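Notes follow once the structure below has been shown.
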């Protein structure tokens, strides 16, 4: 399965599809509400 490259916005339904981790502004621990509003992006493995 293809993974989503860094800088791709990741949401709660697809955050596991990042090649690395789904990183939110407040740190690598993804907060569900931040994912819902599109504040998180794929980035390096946390």
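Placement of Cβ uses the backbone N, Cα and C atoms for every residue, glycine included.
In the three-state DSSP scheme, residue 3 (disulfide bond) is classed as coil. Under a cutoff of 8 A between CB atoms, and with a sequence separation of 6+ in the same chain, the neighbours of residue 3 (disulfide bond) are 17, 18, 19. Feature annotation from Swiss-Prot assigns disulfide bond to 3-19 (among others); the stated evidence is similarity to another entry.
Positions annotated as disulfide bond by Swiss-Prot: 10-22 (among others).
The disulfide bond annotation in Swiss-Prot covers 18-42 (among others) and rests on similarity to another entry. The DSSP secondary structure for residue 42 (disulfide bond) is strand.
Annotated disulfide bond per Swiss-Prot: 24-40 (among others), in sequence order, evidence recorded as similarity to another entry.
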| field | Which same-chain residues, if any, lie at least 6 apart from residue 42 (disulfide bond) yet have Cβ under 8 Å of it | value | 4, 5, 6, 7, 8, 9, 10, 18, 19, 20, 21, 22, 23
| task | Could you check what DSSP calls residue 10 (disulfide bond) once collapsed to helix, strand or coil? | result | coil
